[in-house]
Protein chains: 2
Amino acid sequence: MPLHPTHPTLADGYSPPALIRAYRGERPATTPVWFMRQAGRSLPEYRALRVGTDMLDSCLNPELASEITLQPVRRHGVDAGIFFSDIVIPVRLAGVDVRIVAGRGPVLENPVRSAADVRGLPPLDPAALSPIREAVAATVAQLGPTPLIGFAGAPYTLASYLVEGGPSKEQLKTRALMHSDPETWAALLIWCADITGAFLTAQIEAGASAGQLFDSWAGSLSLADYTAHVAPFSARALEPVRELGVPLVHFGVGTGELLGAMRDIEVDALGVDWRLPLDEAVRRVGPDVTLQGNIDPALLQAPWPVLEAHILDVLARGRAARAHVVNLGHGVPPDTDPGVLTRIVEFVHSRD
Amino acid sequence: MPLHPTHPTLADGYSPPALIRAYRGERPATTPVWFMRQAGRSLPEYRALRVGTDMLDSCLNPELASEITLQPVRRHGVDAGIFFSDIVIPVRLAGVDVRIVAGRGPVLENPVRSAADVRGLPPLDPAALSPIREAVAATVAQLGPTPLIGFAGAPYTLASYLVEGGPSKEQLKTRALMHSDPETWAALLIWCADITGAFLTAQIEAGASAGQLFDSWAGSLSLADYTAHVAPFSARALEPVRELGVPLVHFGVGTGELLGAMRDIEVDALGVDWRLPLDEAVRRVGPDVTLQGNIDPALLQAPWPVLEAHILDVLARGRAARAHVVNLGHGVPPDTDPGVLTRIVEFVHSRD
């Protein structure tokens, strides 16, 4: 399938960046590296920029969202930008009353728990996505050859926020609905898949070179529940995006037991959290997928020699995969010293 | 090894209760059932009793702790009492400034993060455990033939509270210390193992018939970290308890990948959370251990037919184990309808 017109193509004599080649299964001369949540709270320039602006408002301000996306690329020399946004942005753009409460996360005024609640969820007007398209286009224009990765939350994680009304440890109400009323569950997950798929599609169409689906809460599920009640909707979210021909990445926290089912959704790369060594991940998912990860975020606080030994171990185990994109095993913790991230990029780039 | 004098023995012509026989590997005529956190917030009689009393104070008031332990046994007809206490009680009894903040959990005034902090941790005076002994003795006297299970937190979970200064999602500081300063880590875990071992020992000596070690946070660890930096200290905590000859149970949340290493600590039973089917757990741990679990707490909110089908599935899969003690896959959620728990007990008892 052809790339979107904004993407350079091989026919232009263009060689794709290392990140894209790695996602496609090649091993570029230098191992690509970027960090989940590299855009945001760990950077003083981000905190300065955000003063006085609400989180979701900053995501919907194209100039701000673009600048925040670019900050870590400038500072760290990472191999990709990750579009600065929030998992609930498409929910907000559809017109649902959701806001981010500092220190807590996304909170909904009216949780979605019944068949009537689900029927009442408004459709997402494609026009509402224009601030997203605008921010992505501005970012891509400034990134030059560095690729931008599009960002979206997976349907299960979105549904969890909608049902619980806020963040929760084990998504009890969400998982109760899944089993108590499978029809309402399916209708809810279809709504989530369609808005988050449209959100990611808009980013790719505006120039992002890859897309990552984040399933933050999938780790609370048994393999059986994930396979039956979640994976089909993650696949649905990715369907329209796949047609655009860019590589797709799928990541969840605590999903070591689900990796095989996540691979079956047919993505180009799987993110692995810090719990599972990459060589063991390869044994679980087979050779036909690139792995992304999985430096333990806890070790960002350790003395450099300890962290360096860990990175070397991650790189060594990553050789078992067809290709490896270095990342953390979860997002950058807010109190991370940004200098450590820059040093990791330099170190990984110097190894090959 | 002989049971403590307060325990009835086979020599008395006494047949141990179903729970103890199941922990030992027998299959009693009726499958035993109890619920983690059965004592506490889900019961209105508990909430009435606790009015005006701080959480840790209620654990240290023998009369209150005993009454709270007995409430769910009276109400539900479960096969065991679980001693009402808190994981940080031995920390508090050693003289460390820790309190429970409502809606948050245990909070420490001064987190323990350096070698000097660890050296400054006070020893636990065995005399400080007398309210625990008193509460257990009073409870056992009232329980009659129903066994009491002793309660203690595993060293890693205790250490996490000490290092983080409160609950945390991924224990980043704790895991950073583990790798950055293994000597200080070992000293900290030894302190934790010894106080929590003494806490559990006191309960068994006062008449509890079994002991369960709760490793609430172990699920954030890779298998390699768990095996190298955590399991030896959990084993150390259980060593003095094992000599008392009662069955020991080990439980952690999200520890499907760690079950083999948890079994290697040599306990009689392993608790399994809701993520892993019990027959798959048997494949991982082998036939020489009893399994406990693993009804999904989310389904306590589902209509009875949905929950019943789930319980039947749990029971069917549990047949793969040498013996099975029915429990939830994690603690009773605070908003659980107590009537559902009673119905589960009746249902499980009616099945054999």
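The backbone N, Cα and C atoms fix where each Cβ goes, glycine too.
Taken straight from TrEMBL:
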| type | residues | note |
| --- | --- | --- |
| DOMAIN | A:32-41 | domain 'Uroporphyrinogen decarboxylase (URO-D)' |
| BINDING | A:ARG37, A:GLN38, A:ALA39, A:GLY40, A:ARG41, A:ASP86, A:TYR161, A:SER216, A:HIS330 | substrate binding site |
| SITE | A:ASP86 | site 'Transition state stabilizer' |
| DOMAIN | A:149-165 | domain 'Uroporphyrinogen decarboxylase (URO-D)' |
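All features noted in TrEMBL, drawn onto the structure.
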{"residue": "A:ARG37", "record": "substrate binding site", "Cβ neighbours (10 Å)": "18"}
{"residue": "A:ALA39", "record": "substrate binding site", "Cβ neighbours (10 Å)": "24"}
{"residue": "A:ARG41", "record": "substrate binding site", "Cβ neighbours (10 Å)": "15"}
{"residue": "A:ASP86", "record": "site 'Transition state stabilizer'", "Cβ neighbours (10 Å)": "19"}
{"residue": "A:TYR161", "record": "substrate binding site", "Cβ neighbours (10 Å)": "28"}
{"residue": "A:HIS330", "record": "substrate binding site", "Cβ neighbours (10 Å)": "25"}
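When the Cα atoms are compared, A:ALA39 (substrate binding site) and A:ASP86 (site 'Transition state stabilizer') turn out to be 11 Å apart. In this entry, nothing among the recorded positions A:ARG37, A:ALA39, A:ARG41, A:ASP86, A:TYR161 has a C-beta under 8 A from a C-beta of chain B. As a summary of secondary structure, the domain 'Uroporphyrinogen decarboxylase (URO-D)' (A:149-165) carries 10 helix, 5 strand, 2 coil according to DSSP.
Overall, the recorded substrate-binding residues A:ARG37, A:GLN38, A:ALA39, A:GLY40, A:ARG41, A:ASP86, A:TYR161, A:SER216, A:HIS330 cover a maximum inter-Cα distance of 23 Å.
Residue pair A:ARG41 (substrate binding site) / A:ASP86 (site 'Transition state stabilizer') shows a Cα separation of 13 Å.
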